Amino acid sequence: MRAKVRILNIRSGHFDVFINPKDAQEWKLHPNDLVKIESGKRSIYGSVVIGDFVESGEVGLSLDILDAYQFSEGELVSITPSETPESVRYIKKKMRGEKLRKVEIETIVRDIVDRKLRNTEISALVTAIEVNGLDMDEIAALTIAMAETGDMLDIDRKPIMDVHSIGGVPGNKTNIIVVPIVAAAGLTIPKTSSRAITSAAGTADVVEVFTNVTLSLDEIKRIVEKIGACLVWGGALNLAPADDLTIHVERRLSLDPRGLMLASIMSKKYAIGSQYILIDIPTGKGAKVETMEEARSLAKDFIELGKKLGQYVEVAITYGGQPIGYTVGPALEAKEALETLMTGKGPGSLVEKALGLAGILLEMGGVAPRGMGKKVAREILESGKAYEKIKEIIEEQGGDPNIKPEDIPIGDKTYTIHAQTSGYVTGIDNKAITAIAREAGAPEDKGAGVKLHVKVGEKVKEGDPLFTIHAESESRLDKAIILARRLEPIKIEGMVLQVLGNL
């Protein structure tokens, strides 16, 4: 079957192939059938959508396909119905609770990347892993397969360090301080980060306030070979592409199987050649991991997986019961991070965590004796060496190295919530703070977010400011104010909690 390509201005998040009803009947195609589109050495798989989007003799390709494959308007292609992929049989095997062999896992991952597996089959895979789990051999095979089906970064400058936080705590701009400290010590740390998905700001969103984060692999290699570090958006790269497709399904199912989470994180580390990896697991009420028992179990899995991958992994279990620093939102966090790097001083929760993590990396990389890493990291921060390194990173990635905190625009539509009673701050709800910042417009509106005026344990008087909401529009500010009043994210109590006596 042959047809001319018609490029449609449609983006669905899927590889959709649009067929005219007359052709579909003649070719015996049905909605959601899997077909192979070929032209020369190029081939893609897509799901059939039948409709009058195209004329008879045409095949419509969505923009999703054009993002990944180059087809031209009017190009003649062949269309072939595809049989059920062999990987479906392996998914059924996992649904029965059986262990998958390495070659079976590789086939599944390849079929996900080639779009032979659609969301229905990927959903079955995710559910099977949620119910039956993966052992460490399966997770290691999955991690390597996910990495090797995408691009791989080859950096000559060794050793290659990496740090990753599993997230869940608002205001976590820690790595913007950790990376320049580690690089200033002479180690190599090519840091790829994500944008916010459910948070108010991913590291990439924050860094983008003062420099470009969308770079190619060649650009990253050049920068890292030259200055030892980068802070870029991993989503602009073809690193572990199967991961993005499975994550999309996981979110829709509200599932996060541990085996997939481990493979998701470590596949990207494997792809960029990381040799020494520090995993940060924030733990506490409102964080992704709420108990020490769960944190230790997860840490053990990361370390064991690292051994199987030939990577040395250490894990830091950190306090995650309240936001890090005083700011939540891209521009607010960028301002706070830059101030800390410039002055060598900043909020205790931010500085101490950054120095603690950087110190561990310095010890892992052999540039600081065991037990002395934090001290060395502090010297690098306070001496201004880390600030000079962040300036290099900013400049190499296309930003202004002389940018100052006061140059960063913050949302000028503001509203401050005040204490309704006197007492002590006994809790700050991470999820509520994140929700308010997002309602104000973060992360899309860079200047939107929340600035805290108090932290847990501090004494407040009635009328004292608790936090200020920043927005770029009055409408977003109004919505955030309504949400803030409903959620009441900061809890204040007196020191006397209850009085008992004789009845």
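Any Cβ shown, glycine's included, is placed from N, Cα and C.
Model, not experiment: these values are computed from the prediction.
Per Swiss-Prot, the features are:
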BINDING   Gly168, Ser194, Arg195, Ala196, Ile197, Thr198, Ser199, Thr203, Ser264, Lys288  AMP binding site
ACT_SITE  Asp256  active site, proton donor
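Rounded to a whole number, the distance between the Cα atoms of the residue listed as 'active site, proton donor' and Arg195 (AMP binding site) is 18 Å.
Cα separation, Ser264 (AMP binding site) to Asp256 (active site, proton donor), rounded: 11 Å.
Packing around Ser199 (AMP binding site) is summarised by its Cβ count: 22 other Cβ atoms lie within 10 angstroms of its Cβ, all protein chains included. For the AMP site, whose binding residues are given in the record as Gly168, Ser194, Arg195, Ala196, Ile197, Thr198, Ser199, Thr203, Ser264, Lys288, the maximum C-alpha distance rounds to 18 Å. Fewest other C-beta atoms within 10 angstroms, among the recorded positions Gly168, Arg195, Ile197, Asp256, Ser264, are seen around Ile197. Under the three-state DSSP scheme, Asp256 (active site, proton donor) falls in the coil class. In this structure, Ser264 (AMP binding site) is part of a helix by DSSP.
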